[in-house]
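Remarks on the structure that follows.
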Amino acid sequence: MSEDRCQEERGTSCGKPNGGGGGNHFCSAVPQGILLFLLLSAYSAPHSPLSSTINLKHSRTLAIRASVSTADDSVVTLLDYGAGNVRSLRNAIRFLGFNIKDVQTPEDILNAKRLIFPGVGAFAPAMDVLNKTGMGEALCSYIEQDRPFLGICLGLQLLFESSEENGPVKGLGLIPGIVGRFDSSNGIRVPHIGWNAIQITRESQILDDIGSRHVYFVHSYRAMPSDDNTEWVSSTCNYGDNFIASIRRGNVHAVQFHPEKSGDVGLSVLRRFLNPKSEMTKKPAQGKASKLAKRVIACLDVRTNDKGDLVVTKGDQYDVREHTKENEVRNLGKPVDLAGQYYKDGADEVSFLNITGFRDFPLGDLPMLQVLRHASENVFVPLTVGGGIRDFTDANGRYYSSLEVAAEYFRSGADKISIGSDAVYAAEEYLKTKVKSGKSSLEQISRVYGNQAVVVSIDPRRVYLKDPKDVEFKSTRVTNPGPNGEQYAWYQCTVNGGREGRQIGAYELAKAVEELGAGEILLNCIDCDGQGKGFDIDLVKLISDAVSIPVIASSGAGAVEHFSEVFSKTNASAALAAGIFHRKEVYLEKQGPFLYIVVLRF
């Protein structure tokens, strides 16, 4: 495509900032500096309509052909604009034997031999960074020259004309089409989170090893195939409707899923892009994978023992200590070692939930950050971290926003953030004032990184009722009556690891956090924890019917039948267990539509 033709098709979306706004240097090595400032300032004021969101002049200065690079064949140029977790992608690239050169200036893009753009977060702040740093025009020029490029997730969406996310907001305009939100009115859960199948529509080379296997998606927005962009589309995925899962034209590739989070099959996608001339046999398709898989979750509770070591443990209604004279924390192993072992066994996700996260200084939790960093070196599936994600002031009087805390966890290897107590407080305030302040950790993180990056953990306790009118909170008829024959119950939410009850129900909390920006709910039940008698079906059904975001059922699994029951009787997207896996009563295997996730709790 000629430069004039491309300029005509994409309008003025690629170019230098009008009026000299923003610098022309780009340093991913220090995202907490200039880049974090750009991401935060992107939301200091509401975004204007599409026609005025990005007012840029197209310039030919960067459209010249770059000089031929003499870089080593093992070097990959990475366009990391400083938002979200790209540590796992870096680790995957190094795992495959390649070195990384970070983009510092627009010229680094033009001189790249092969370029990967791992877009993470929300569309609008990403475009703000690209345009304020001059990277947008350089990226367009590079792609127009049909040079080796791989966009990932948001790195695919930004290639389109515009997005409805926080907008409309103009994109790079290289591919016809508008990125829109999934339609939850037909019953699907949004965000689209988990392992789904793709349908390859044309030869793509980098997808040759996928066959019938699933790949990992986590997103709320998608681009749709049309007559205008059909020449670009190389595969689609069905989730409510068929959306674009990948594109290819010449040497330009982009995927909506996360190859760095899709285990061995994802590594094969990266390997084929990085080394297209290598001798690799195309994997034949076996069977037909056609839908989003239900997730079966193996949970490892991990916390600090009395000696200060991080250990895997197991609770009984949140009590993780042995009932002995020593009263020690149950010790079942080391978290990083077990995370690595479960990944080798085929795990689909690993989550670190810090149940001691009520400590005063979350950024001082160096062991937690180190666990993330070490785990991401060899675990190429999604990583979630929770506990202590909130505003705080350290011992020296320095204030840290929850967004800064989350940013540090993302940079250390997390893909998703789980918020517990702080989400309860935010929901209480929202229900009281009916106003979204925009200042809660839940709102801030979801606004910058996208709601698919935010999980809310709910820890309720069952309270029996003779009459549902006895309380102002949503109650439900229970399958098993209470100790005094009560036919109803409401579920009181707790904070600080179940230690403190709050005057808010699980139903009210779930509805509120969805409105505030949560992308997924981890639904625990203190009464069922460690009992092995099955999930609280009444609770799971109540919450999964109330919200349109994915719900993970947790607490109480004691047999394989309990997983089948929760999936057949509720709308849960996933189910979690711990003890039955630790005791080897049930082995973790991939069977039929079920995949599993490994969850580590701190």
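For all residues, glycine too, the Cβ spot is worked out from N, Cα and C.
Predicted, not measured: the structure shown is a model, and the values here were computed from it.
Among the features that TrEMBL reports, domain 'Glutamine amidotransferase' is placed at 78-272.
The active site, for GATase activity annotation in TrEMBL covers Cys153 (among others). Non-local neighbourhood of Cys153 (active site, for GATase activity): Pro118, Gly119, Val120, Val218, His219, Val255, Gln256, Phe257, His258, each in the same chain, at least six residues away, with C-beta under 8 Å from its C-beta.
Per TrEMBL, L-glutamine binding site is recorded for Cys153.
Neighbour density for His258 (active site, for GATase activity): within 10 A of its CB lie 26 other CB atoms from the protein chains shown. Per TrEMBL, active site, for GATase activity is recorded for His258 (among others).
For Glu260 (active site, for GATase activity), the Cβ neighbour count at a 10 Å cut-off comes to 30, with all displayed protein chains included. Residues or ranges marked as active site, for GATase activity by TrEMBL: Glu260 (among others).
As annotated by TrEMBL, active site applies to Asp301 (among others). Residue density at Asp301 (active site): 26 other Cβ atoms are found within 10 A of its Cβ, drawing on all protein chains shown.
Neighbour list (Asn524 (substrate binding site), Cβ cut-off 8 Å, at least 6 residues apart, same chain): Ser457, Ile458, Asp459, Pro460, Ser554, Ser555. What TrEMBL records for Gly388, Asn524 is substrate binding site.
As annotated by TrEMBL, active site applies to Asp459 (among others). Asp459 (active site): 29 other CB atoms within 10 A of its CB, across all protein chains.
Separating the Cα atoms of Gly388 (substrate binding site) and Glu260 (active site, for GATase activity) is a whole-number distance of 27 Å. Computed over the domain 'Glutamine amidotransferase' (78-272), the whole-number mean pLDDT of the model equals 94. When the Cα atoms are compared, Asp301 (active site) and Glu260 (active site, for GATase activity) turn out to be 25 Å apart. There are 26 other CB atoms within 10 A of the CB of Gly388 (substrate binding site), with all protein chains counted.
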